[in-house]
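Peer 1: Could you have a look at this structure, given as structure tokens, before my questions?
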Amino acid sequence: MSATTEAPKKSGGIRDLSKMFGNGSSTRQVGILGALIVIIILFQILTGGLTLDPINLINLVNQNAYVLILAIGMVMVIIAGHIDLSVGSVAAFTGIIVAISMQSWHFPPLLAIVFGLVVGTLIGMWQGFWVAYIGVPAFIVTLAGMLIFRGGNQFVGNSQSIPVPDSFAIIGNGFIPDFGPQFGFSNGTLILGLLVAVAVVWQEIRERQTQRKMGSESAPLWVSVVKVVILLAVVLYATYLFATGRPGTSYPVSGIILGVLVLLYSFITRNTTFGRHIYAVGGNWHAAELSGVNIRRINFLVMMNMSILAALAGMIAVGRSVASGPGDGVGWELDAIAAVFIGGAAVSGGIGTIVGSIVGGFVIAVLNNGLQLLGVGIDRVQIIKGLVLLLAVGIDVYSKKQGRPSIIGRFTRARRINESLDVPRVVPTLPEEETARPKSTTPN
Amino acid sequence: MTTEPIILEMRSITKEFPGVKALDRVSLTVKAGEIHSICGENGAGKSTLMKVLSGVYPYGTYEGDIIFQGSECRFKDIKSSEAAGIVIIHQELALIPELSITENIFLGNEPRGRFGNIDWVVAKKTAIELLARVGLADDPDTQIKNLGVGKQQLVEIAKALHKSVKLLILDEPTAALNEADSQHLLDLILGLKGRGIASIMISHKLNEIEKISDEITIIRDGKSIETLNIQADGVNEDRIIRGMVGRTLENRFPDRNSKIGEVFFEVKNWTVQHPLTAERMVVKNSSFSVRRGEVVGFAGLMGAGRTELAMSIFGRSYGTFISGQVFMNGKEIQLRNVAEAIENGLAYVSEDRKALGLNLLDDIKESVVSAKLSKISRGQVIDKVKEHNIAEEYRKSLRIKTPTVQEGVNKLSGGNQQKVVLAKWMFTDPDLLILDEPTRGIDVGAKTEIYGIIRDLAAQGKGVIMISSELPELLGVSDRILTIFEGAITNDIPASEADPETLMRSMTSSKKKVTQP
């Protein structure tokens, strides 16, 4: 890097850096990820290091895994243009049935889990039927479901708590088992951490290969190296934290379930025809229908999937508290929905990502946790959570309406304009066509 | 040259958006009581200029001066420009469907009674007067949603008259109207002129502009190119086009270069019922056929049943199927849903690309492959490299103007969006393409390109059905033209023997088969 070309190099560097997390569409996610990091650092300082203490971190994952699992299903529902208010009740209903199946009918835990998923599937088919084939708005169907399955839980369980065996509770309160020689670390968690580290490197290499195959300019190698180094540092530090918790604890089983689901559903939404069709239905269902998409089937499957995940989340929560009770899952739907919207989904459908929603979920989780560590009462925690939700979505809507790029998006924006100036006629950016869409990004 | 006083002068208007100069020292002078048209390709800056004039872009966000009725104006919003007597009627009408005509006319401007209540007696009386002035005989209590687009347009004008308009701006007023409604609207604008109300009209329909304008200002790439006086300068359509594109379009229509083969697609006795009103047949016992390599034009007025016929064939996307058969290569095929229609080699490019053709949240590559994902996926998994490369190919072959195929389709101009929709359907490898108003709302240059694509498809041996409201386009591109009137096919003539008068006659009467001498 000679001194003479310093200026263009610099702007080039910023442009390349902005490519670190993919193209412009994901800038919102980068923004919310940045917010999460800021919040973590803030609480780390305010709580005098308690936030990133291994015990607290393990707790954080354990406490929030089920809401995050709900957020995975919820973002798909919201992308398709619906909403699901029933998830908390469905989770509670499944939880109590599963608990009863083990207590009264002596189902072994594995069978009970399968049974719970079947119950979730049936509930999902019920709700999906009303939404997709009868055409009742999901808001109504799931509001009804919220009442039906909450009542169902209390009816079936006589409004009592029903305990579950420890062998079942592993999915909610278990940890990666330890084995081998003892160094003061959890060996299972270390191996998991190493696997994730390898996956990060492999993923980046594959990403670059794909970019090359498409013939599109990929960011220079140093950007990839910086990105991988940062990610590896995060992964290894997290591994270290999780591996050095209280004896007998390590990375939670529920966290592993969550991780597997995030990978699975990210792949489904990004790389499969089913995933593409969800976005198509939410973005413009008329156009989707005229493109041969079976809209009813998509709506049905999305609603069904949500209830299956709700059933799973319910069972994990039951495992965590080693009992199923009448008040399980109250208000979960709101946490899941808030996570999805903080994570960048649009109320009107068609926009949203799994990863964004998970990050959004962690924002709420860390806020909850940090404020509690500081001794802030539940009353004020709720007020703060509400304001954060409003602020996050408000900033997004405002910046879209005004055509002002978000602070993070500013760099990508600058790059786009530079690129389009290379094209002889700047048709795409002219606002002539904008009259048709008052809500779109008309520059002010 | 008239020596009418000048009512509006826009001097050296410059408007910049981040990275783009949308208007570059544009000047516009409108004389009192004249009809002044603004012409230019999509993206030339016409709408932006009107937004500056009407206060949508407030004073301070642009450079230059606006002088209206002799005094300089600094509008800070639409309300202040309306107060001065400038009213803009947008392409997308700003009426509320659930409210009545009266309620819409007085929306935000309601006559007040003694207690601040709305005085509906006065309102209704005034509404009746206003409706009479625009030639609308409907009951002022009619809900807007029960009026056709043409009548809604008239309500908009009545609303403008109520605001004691002195300068009326009409943005593509006839884009969604049929011939008769267009004519009525144009007559009305001429009538307003007689009463001293000046109009600025933006339109792509050059024949209309030529017919009613006094002067034309041409804008190209954000600059005002010239102002022509219709009478003094001997302006015709070709002259306007030359100004708009900066060159003469020697031949707007490509050669008919395809070899027409045998009949491969047939529809027999097709009858479709209105989706809501039983007993109302929107398509009546229609039969037609398409040959390989042939472009068949469907002519008909708005509401004649052209779109309904096309969509009902395309997987029963419209109305309730009553009876009829479809044959492909001599074999009867079942088209019960869109997926089956695509599977059988049909493609339908809808007339409304924003509402029905595209997901505006998608980028170009996602849109191109969206009608046949199976072609680029193994099992359920999409091959994104293939997706990208295929979109790239179409970008090049159809000359879609965009830096990359990752660009969102909502950022493209109308013509380029239409090319994306065409690419989307070409990607499904159809044998028969049904194009519903393929050039609606796109500029002259892009139209010519679309015509070329249509003829290329025919040259590849595909059958094309082109539905269009523009007769010159039907005559210029089709090999054969069918006319439709009230849901039935009334005529079937080779394009070489057709002329606008014959077509219009068959489009407006149910007399079967006008025999050629």
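Every residue gets a Cβ built from N, Cα and C, even glycine.
Keep in mind that what you see is a predicted model, and the values were worked out from it rather than measured.
Residues annotated as transmembrane segment in TrEMBL: A:30-52, A:64-85, A:105-123, A:130-149, A:183-202, A:222-243, A:249-268, A:298-318, A:338-367.
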Peer 1: At an 8 Å Cβ cut-off, counting only pairs 6 or more apart in sequence, do the transmembrane segment (A:30-52) and the transmembrane segment (A:338-367) clear the bar of 3 or more pairs?
Peer 2: yes
Peer 1: Which of A:105-123, A:222-243, A:338-367 has the most Cβ pairs closer than 8 Å to the transmembrane segment (A:249-268)?
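Peer 2: Looking only at A:105-123, A:222-243, A:338-367, the most contacts with the transmembrane segment (A:249-268) come from A:338-367.
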Peer 1: Decide whether the stretches the transmembrane segment (A:64-85) and the transmembrane segment (A:183-202) have at least 3 CB pairs under 8 angstroms, with pairs required to be 6 or more apart in sequence.
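Peer 2: In this chain the transmembrane segment (A:64-85) does not contact the transmembrane segment (A:183-202) - fewer than 3 Cβ pairs sit under 8 Å.
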Peer 1: Checking distant contacts: for the transmembrane segment (A:183-202), what same-chain residues at least six beyond its ends satisfy Cβ-Cβ under 8 A?
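Peer 2: For the transmembrane segment (A:183-202), the far contacts come to 175-177, 228, 231-232, 235-236, 238-240, 242-245, 249-251, 256.
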Peer 1: Residues of the same chain, at least six outside the transmembrane segment (A:130-149), with any C-beta under 8 angstroms of its C-beta?
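Peer 2: Same-chain contacts beyond the ends: 77, 82-90, 92-93, 123, 295-300, 303, 333.
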